[in-house]
Structures are given as structure tokens and as C-alpha cells.
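Features as listed in TrEMBL:
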{"type": "REPEAT", "residues": "22-52", "note": "repeat 'PPR'"}
{"type": "REPEAT", "residues": "127-161", "note": "repeat 'PPR'"}
{"type": "REPEAT", "residues": "227-261", "note": "repeat 'PPR'"}
{"type": "REPEAT", "residues": "328-362", "note": "repeat 'PPR'"}
{"type": "REPEAT", "residues": "428-462", "note": "repeat 'PPR'"}
{"type": "REPEAT", "residues": "529-563", "note": "repeat 'PPR'"}
{"type": "DOMAIN", "residues": "744-836", "note": "domain 'DYW'"}
Amino acid sequence: MYGRCGRVDDARRLFDGMPARTVFSWNALVGAYLSSGSAVEAVRVYRAMRASAAPGPAPDGCTLASVLKACGVEGDGRCGHEVHGLAVKSGLDKSTLVANALIGMYAKCGMLDSALRVFEWLHDGRDVASWNSVITGCVQNGRTLEALEVFRGMQSSGFGMNSYTAVGVLQVCAELALLNLGRELHGALLKCGSEFNIQFNALLVMYAKCGRVDSALRVFRQIDEKDYISWNSMLSCYVQNGLYAEAIDFFGEMLHHGFQPDHACVVSLSSALGHLGWLNNGTEVHAYAIKQRLHTDPQVGNTLMDMYIKCDSIECSAKVFESMSIRDHISWTTILACFAQSSQHFEALEMFREVQKQGIKVDSMMIGSILETCSGLKSLSLLKQVHSYALRNGVLDLILKNRLIDIYGDCREVRNSLNIFQTVEKKDIVTWTSMINCCANNRLLNEAVSLFTEMQKANIEPDSVALVSILVAIAGLSSLTKGKQVHGFLIRRNFPIEGPIVSSLVDMYSGCGSMNYASKVFYGVECKDVVLWTAMINATGMHGHGKQAIDIFERMLHTGLTPDHVCFLALLHACSHSKLVDEGKYYLDMMMSKYRLKPWQEHYACVVDILGRSGRTEEAYRFIESMPMEPTSVVWCALLGACRVHKNHDLAVVAANKLLELEPDNPGNYILVSNVFAAMEKWNDVKEVRTRMTERGLRKDPACSWIEIGNNIHTFTARDHSHRDSEAIHLKLAEITEKLRKRGYTEDTRFVLHDVSEEEKIDMLHKHSERLAIAFGLISTRPGTPLRIAKNLRVCGDCHEFTKLVSKLFERDIVVRDANRFHHFSGGSCSCGDFW
């Protein structure tokens, strides 16, 4: 009686005062402690019973069942195993009551296989509780599929389920998202008239995990006497399904009904506020948690950390971590992710060292955070150390392998990426996409396209990310044929032409020189977002149609959309390519004054480029000096390019020194500086720059051009004789040159940036890669067929003039994409107006 009333001390005094104790009195005291949550004391009473002088009462089935339950609560498998031994010796293991308790004990101690052996041994003595114990045990140990198999076995053995069975199986339905089975169980519970909160709460959780918030809410409203579990389950349902604002509203309803937040509520509420980015409300919840001493719970602390991370308050997240007296594995994982995601790379490395010092098991999630640090630092040596560590400790799962492929690619270590890719036995779509991206980002564009073809042969269905990646690669190749093939694939598969896919199609078609197809895709979309408008503005600007790009931008504004940083950058590039100085200044001012956007370095670089291309290099320099931030290499690069065109040597020296100081290991900068000095015939300066480049072990990427004929890409370098049709190509090129000379063409050797003889300069110009591509195009296509050529570097002035004359002489439209823009040659003129 005292035990059932929760007065354990009174029960103990009464027990101690008994002159003779029966097995019933011992069982009553064990049960009293167990009911009051003192499982340790329950076990002690059991041990005292065993140690009592003979002929004291021996434990019976009730005793052992209670003690086994206490062992399960404490997770004391060793003690439970001892009790199991006593049960076998005394023959009580044949008791269904004891056997069920053994199953429950082993399951709670994480020894599910032992629990299953007891269940198998029991066989003929099983009752509904036996089946329920195994189902619950499987769920507790994360073996939900086995739980489902046990339930099916229960049904086939003729056992009818009760409400406790339903609760266990509903947990299975929640974990495996088995909505139909969950609904069947719901119906069964309604038929048997079950109205206990435990069943309603299980139903609520099941519907929440299956994404059916409406059904979960109906179940919640049907509960007459809602407890904390009911309210918290419904609040968690909203959060799990991304309905964060609704979760906050529901929390208000919870307060209105007199339920104050407990630790589970604080966890859900913090998560919702984090996703909403409501920092002020989050700090209020944090203060409440401290006041109610809920912050000492690791789960609460972990969720508060995550909330601050999502609100971009890294310092507050770190403070929560420092204040936690108990940190679990999730705490360390969260703080590592916090530093890695916020680019606090050295703090992340220091925290990782602390994890190792504390002896905390490093898992794949922690390694993932450190890999982000390697990526941020662009440290190949650190990346290799982390890779080796993951291999040694056996934590290199598929997700990490995919990320390693990405990061090795970022570090230009394509061979390492390929080695990892080849070791993955079961490649998923992310594996293929990562390798395709790696190749595309490292200019191995043909290899990227080949991988996409292999992926399809492997019966891996491309998703939107993979399709965007391959469209980017195809745009880099300027392969209109392959681009059309992918577009056709999308149409045949009824793939939604929207979001990133449609903007990538516009980029691809414009990158392949076909503004006609790019426009058709763009105007074929009814609901255009900012990204799609930006893609079209960028495409139009790259093709030299600055005024048209501005018109598209203004039409976007009339739709009510708000331009972002990237949109303004595309617009300023368009102004730059079309020499629209006043317009460029106007839109930079609009960006800052009307839309309150702080310009990036790239925006300022565009304005410098616009001024510089217009010959206003001194004004461009003054603009740089007025910038509210320290200019980076992209700005100085723009000024240096302008100095080359307009031969401002003094400013060129200033820009060159700044550029090489900021990026001393970028070979492209040395080439640009060298070419600027060469154009000014400052040969001593050229020699000095190239010597510095050699001393640093830097190499120039060779100039190359390529053209698509049929379904094949043909690539040429300067003075190239490697092509199978090389002899015919060079003969055709000589023929073209001779015909052009007869019509007044004279080589402009000022564009040869080498201190060599005039004859050598002329020979060098004749063998430029784009001329070889043009000659091959002329002998490989029918008269009148347009030619599309791409080059990795800027087209020189003499080749530009050469191509204009070829377009007139052979009556061909020739589209050339160089490093700066598109040139549309037709009838002896170019769309750039000789300005690029």
C-alpha cells in the first residue's frame, strides 16, 4: 500500500520492522522501489533477499521479473545475465512472466540477439506480451525491419494484437514511413475503442513522420485529456515537416492551455526559431531554459547551439558549448560544424584536436566538417592527412568519398578524385555528379561529357544537380549538338523545365553561341524567377547586346521581382561589353541607393573595366582609390587590361605590382602583366616578369581553340600538326591567307608579344589556334554553314581582323567565344564593334 502511494521510506520502515519476511513482502519492497524510479535500490533489495540466512524465502517468478525490469532500466546486462542464470537453475525460466521480462531486459541493455534467443526458446509458452516485448525491443535497437517481420509472424501464428502491440508497430510505421499500415492500425484501434493517450500519441508521431500533418492534428484534437507528450508531439510534428511559423502559433496555443515549456518543448521551439532565423526570440527561449535549469540537458544545449548557427550567431553558439557541463557526441559534432560552416577554419582544427584529446569517437560527420575546413583553406596537405585518418579509422563512407572527390577537384588534384571514384563499388548519383563536376571545373570538359554518358549506361537516372553539371560542361565545350541532345533527353523524360534546369539551358545555349535557342527557352517559361532573368541578361550581355540586356533588366523590374547581387553583376558586365559608361554608373548607384545592396569587388571591377575600355584609365584609378574597401586582384586585373589597350605604362606598373603582390602564385596574372609590357615593347620588364614566374615554378596554360563538327570536338593549339587532317588544314589556311592578302590584308605584328624578327612574328600569327579551327571548319562543312569556335584566351587583334575578312570572303557567319565575350562575325564586320 505504501509503495503504491509513493511512500517508499514508510514501506521500508515497515519492512525493516517485520519479525518474519515472506517472499510476498520482499516482492512488495522490490516493486515499491521500482515504481518510485529507484531501480538501483530494487536490485539491492533483491541481493539482500538472496543473502538472507536460510531458510529465508527463495525468489519466485514475480521477484525475478521485477529485478529483471530494474536491470533493464539501469542497462545492467551483467546483473540481468546473473538473474537469467538463477532462473535457469530454479526452473523459473520456463515461466512466461520471467521469459518476457528477460526479453525486455536484454533488449533495453542493447543485447537484442540474446532477447531473440529467449523468445525462440520460449516458443510454445509465448503470449501476446512476449510478441510485444520483441517488437518493442527491435524498435528500441533500431532494427525496425525485424520488428515488422515479428509482427507479421505474430499475425500468422494466430495471435490477436492489443493496444500495446499497436503502439510498437506504429513506431515501426513511423520509422519506415509505412502510412498505409499505420492507417490500418488506426482503424483497428478505433474498432476496439482504445482511448488511452499512449495510443493517440503513437498515432500522432506516426502521422508526423509520414508527413501527414493534417491527420496528426485530427488525432491531437480527438484527445480529451492532452498531456505534455501530446502537446510536444504535435509541436515536433510541425517542426519535422518544416512548418516553423505554424509551430510558433501552436506553441502560443499550448501556453494558452496552461502548459509551460519543458525540455522537449524547448528543443522543438529552438529548432523552429533557428530555421526562421528569429534570433531575438531564440535568445528569449535560451534565457527561459537557463531560468528553468533546462539548459543542463545536453539535447537542449545542442539544439540551442544549432539555433544560433542557423541565425548566424557563431559566437553565441560557441558560448553555449562552453557553458555545457555535460557534452555528448552531438555537442562536439555540432560545434565542429559550427566553425567549419562559418569559415572559422583554424578554430575548427583546434576543436578537432580537442575531440581527439578527450578520447571522443570520431565519426563520418566530424570528418565531413574537417573536410569543409580543408576545402576552405585549399590545403592539399591537410586534405591528404584527413583522408588518411579517415581510412585508418574506418569512417570513410560513401558520403565522405563523394565529398573527397569534390574537394580534391577544387585543389586541382583530378587524379586523386578519379582514384576515389574508381574505388567506389556502388556509385550513387552524387558520386557521378561529383566526378562530372570535378572534370568540368578543371577544364576536362570532354571527360565530363563522357562520364555523363557512362552514368546513363550504368542505369543511374540523372537528377537536376547532375543535369545542371553536364549543361555547364557542355556550355564550356560550346557543343551545341550535345546541348540539344541533353535538352531532348529532358523533354523525352518529361523532366520539369524549371528552376536551375531552365536557367542552365539558357546559359548552355548562349555558351554555345546560339542566342536564338537561348531566347526560345527563356520566353517559353511563364513564371520566371530572378535566376532565369539574370541568366538571360548575362547571355545577352556576353553576346555584345548591352542595350538589349538593359531592356530585359527593366522588364524584370516591372514584374515586381527584386534584383540581387548576381543580377546586377550580369547587368554591369553587359554595360562593360557594350561600352555603356553612363549606364554602368547609373546601375551601380541604383544597386546601392535603391536596393541597399553592398557591392562586391566584382561590381567595382566592372565599373573599372567600363571606364578603362573607354580610355578613361586615370578616372578608373581614381574610382579604385575611392572604393570603401581594399581592392582585390579582380579590380587591379581590370585596370591592368585597360592599361594594355590604351598603353598607360605608369598605371600599368602600379596595377601589375598590386596584382602580383595579392596573388603571387596565379600564373594567369604573370601572363597578363607580361603581355601588357610586351605590347608596350618593354622587353626588359617582360623578361623580369617571366623570370619571376619560372622561379615560382608556375606554368602558362597553352592557348587552344576548338570547333564542333558533327558530334565531335576538334581541338587545336598554336602551330598544331597533331590533327589527322593536319596537312589539308595547313594547306587551306595558306590558301585563305593568300586570298586575303590579294584583297589588301596585311598582318599586324604588334599583336605578337615576343621580341623576334618580323618574319617570325608573321609566321606565329599564321599558326594561331583559332585560324586552324576556322580552316578545318571550312573544309569540313558545306558552303554557307555557320562556324562556332571557342578559345580559352582572348582573341588577338590580328586574328580578329582575319576572321572578319574570312566571314566576308567565304560568306560564312562565324561565332567565336573567347575568354572575354562572344564575337559574331558576318559580312566582314563583328558584333563587338572592334571593342573587346
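Including glycine, each Cβ sits where the backbone N, Cα and C put it.
TrEMBL annotations: computationally assigned, not manually curated.
From a predicted model like this one, the values you see are computed outputs, not experimental measurements.
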Fill in the blank from the handout: Outside the repeat 'PPR' (428-462), at least 6 residues beyond either end, the same-chain residues with a Cβ under 8 Å of its Cβ set are 398-399, 401-403, 405-406, 408-410, 412, 414, 417-418, 421, 469-470, 472-474, 476-477, 479, 482, 713, 792
Practice task
Determine the mean pLDDT over the repeat 'PPR' (428-462), rounding to the nearest whole number.
Solution key: 93
Completion exercise
Within the same chain, the residues 6 or more beyond the ends of the repeat 'PPR' (529-563) and with Cβ under 8 Å of it are 499-500, 502-504, 506-507, 509-510, 515, 518-519, 522, 570-571, 573-575, 577-580, 583, 587, 591, 595, 821-824, 831-833
Handout entry: Per-state residue totals over the domain 'DYW' (744-836) - DSSP helix, strand, coil
Key = 37 helix, 16 strand, 40 coil
Fill in the blank from the handout: Residues in the repeat 'PPR' (428-462) per DSSP class, helix first, strand next, coil last, are 26 helix, 0 strand, 9 coil
